[in-house]
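Colleague: Let me begin by handing over the structure; questions about it come next.
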Amino acid sequence: MELGGPGAPPPPLLPPLLLLLGAGFLPASSPVETRAHAEERLLKTLFSGYNKWSRPVANISDVVLVHFGLSIAQLIDVDEKNQMMTTNVWVKQEWYDYKLRWDPADYENVTSIRIPSELIWRPDIVLYNNADGDFAITHLTKAHLFHDGRVQWTPPAIYKSSCSIDVTFFPFDQQNCTMKFGSWTYDKAKIDLVSMQSHVDQLGLWESGEWVIVDAAGTYNTRKYECCAEVYPDITYAFVIRRLPLFYTINLIVPCLLISCLTVLVFYLPSDCGEKVTLCISVLLSLTVFLLLITEIIPSTSLVIPLIGEYLLFTMVFVTLSIVITVFVLNVHHRSPRTHTMPAWVRRVFLDVVPRLLLMKRPSVVKDNCRRLIESMHKVASAPGFWPEPEGEPGVVSGERSRGPSRSASFRGPRDEPAEPQPACASPSDRVPAPQPSEGDPGSPCPLPDSCRPPPSTRAPGLTEARSLSFQHVSSAAERVEGGVRCRSWSIQGCAPQDEAASVAGGPVTSSPAFPKASAAELLPPDQPSPCRCRCRKEPSPNAVRKACGTRVPARHLPLSPALARAVEGVQYIADHLKAEDTDFSVKEDWKYVAMVIDRIFLWVFVIVCLLGTAGLFLPPWLAGMI
């Protein structure tokens, strides 16, 4: 059967329907795929015949305006020794390229694309004051291209810029570091810079633990260099950064202040303890070790001396002077009359004037210990119950004490006394003298020789005070019956010339601490009668008392036994020795007090200097507004 003939069935409608259905159910191309194809077509269109080496200007005389900005991400380090600042920044650059324009309607409404920055023209902006590394940007990120020809490029960079570090007020210093950006090839007639912002963007800044950015302002400058006749523009950002001083205050300043305080305490330490020089040397050694540790902390620059370096030098001189002064004070402290003689001006200045100015009061102690001992002995000897009395007999005063400035008891034998002048005997007593008979008194059973009448205060010129010793003897009952008079005491007196007494250590006469015990038989030989018979109980008349107080007795008329002479010599030696020791002790105490006054002077001087040095450390940075 022929197709299309009469009576033939109509052709099937399946293929056209299938075609229609297939055309209706076919997926249309996605917008992303369409945009990708549009960007691909756009890139092919833009870069066909594009030359990245030529400036993007339609006229050769036109200027490419590059908008420049800076955003800092982190202040990495400030190297005071090498004088450079390391920063992590984003360099913002924006310019127009007329060869990279298109109509978004022709390319599926594509308004911007990201393209590799190596494919387009870029301004050769570098960091002028680069200290280490590359001057230009090394990491070339993609640029953002807009349909109107605007190009935005923000590559990150780590710069090490040169920075003039001024460590005068270290660690309270504030630095001013700059970063200078500009075109290295094109002058102002080809490329001009326009600042995006007047300050550095710090929104994404990572805070540093040592520095804080106070200010970061950018300024536009033009400069004509010696190499070229053209004028070159640049944008300079000035970073004002301030150091955080907490670390250096704890680890540097506080130890220095404590060492200075230890140096001051050296002058408060007593010299007798023997640790003054040890403390000084210990402080000096600790300061030396401390200086070895902080050499890595202090900026090692020779342009200026840091303030903390000056303070450390001041502390070192401080400690050294304290050692020198301590040695001098110890020398003064250990002086004695056998090695040094104290000048009058030293005694006047350091024992009288300076202590009053320093409000120092010396304790009023009795220096003559031997004199106090003898005075106490005299008080005991003068007590009413000291001398024994027989029964039924009233007590008779027989103890004699010298009223002179030196209350001492001593003896001088015939071999010790000079021939001339003749000394006068004096035996004053604190009590009423015992009754003594006179020659004119017929009722006196016991006549008193003229040689036994001691005057109370008579003394020949050029003589020392009389020294007397009384010995007590109680008569027996047979003696009282035979003689009729009870003799109780004998008094032996002797004097020494003034020139002989003055030759003993040149000081006041000191007292002997003890008397030798002797009986009446040892005082005088048995075959020689005593010139002084006894003291009688009869009350004397006023004339007899006056005569007894005015009679002079030569010392050579008083004979001494050998045992008593040896005892007297021993007592005299002990008295002279104690007197010399007491004099030496007094002078030594004066030297020690002079040393203490010198210590107190330098204590206040060093305290004032330490306070002034500490104020000098903190005051200049505070006045400069850095604290």
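Glycine too: its Cβ is placed from the backbone N, Cα and C atoms.
These figures come from a predicted structure and were not determined experimentally.
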Colleague: Among C163, C227, which cysteine is annotated in Swiss-Prot as forming a disulphide with C177?
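Modeller: Candidates were C163, C227; Swiss-Prot matches C177 with C163.
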Colleague: Using Cα coordinates, what distance in whole Å links C227 (disulfide bond) and V78 (Ca(2+) binding site)?
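Modeller: So the Cα of V78 (Ca(2+) binding site) lies 32 Å away from that of C227 (disulfide bond).
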Colleague: Express the predicted model's confidence over the topological domain 'Cytoplasmic' (333-600) as a mean pLDDT, rounded to an integer.
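Modeller: Averaged over the topological domain 'Cytoplasmic' (333-600), per-residue pLDDT gives 55.
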Colleague: In whole Å, note down how far the CA of C177 (disulfide bond) lies from the CA of E80 (Ca(2+) binding site).
Modeller: 12
Colleague: Of C163, C227, which of the disulfide-bonded residues has the most Cβ neighbours inside 10 Å?
Modeller: C163
Colleague: Give me the Cα-Cα distance between C163 (disulfide bond) and V78 (Ca(2+) binding site), rounded to a whole Å.
Modeller: 9
Colleague: For the C-alpha pair, I'd like the distance in angstrom between C177 (disulfide bond) and V78 (Ca(2+) binding site), rounded off.
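Modeller: Distance between the two Cα atoms comes out at 10 Å.
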Colleague: I need the CA-to-CA distance for V78 (Ca(2+) binding site) versus C228 (disulfide bond), whole Å please.
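Modeller: Distance between the two Cα atoms comes out at 33 Å.
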Colleague: Under 8 Å Cβ-Cβ from C228 (disulfide bond), six or more apart in the same chain: what's there?
Modeller: D187
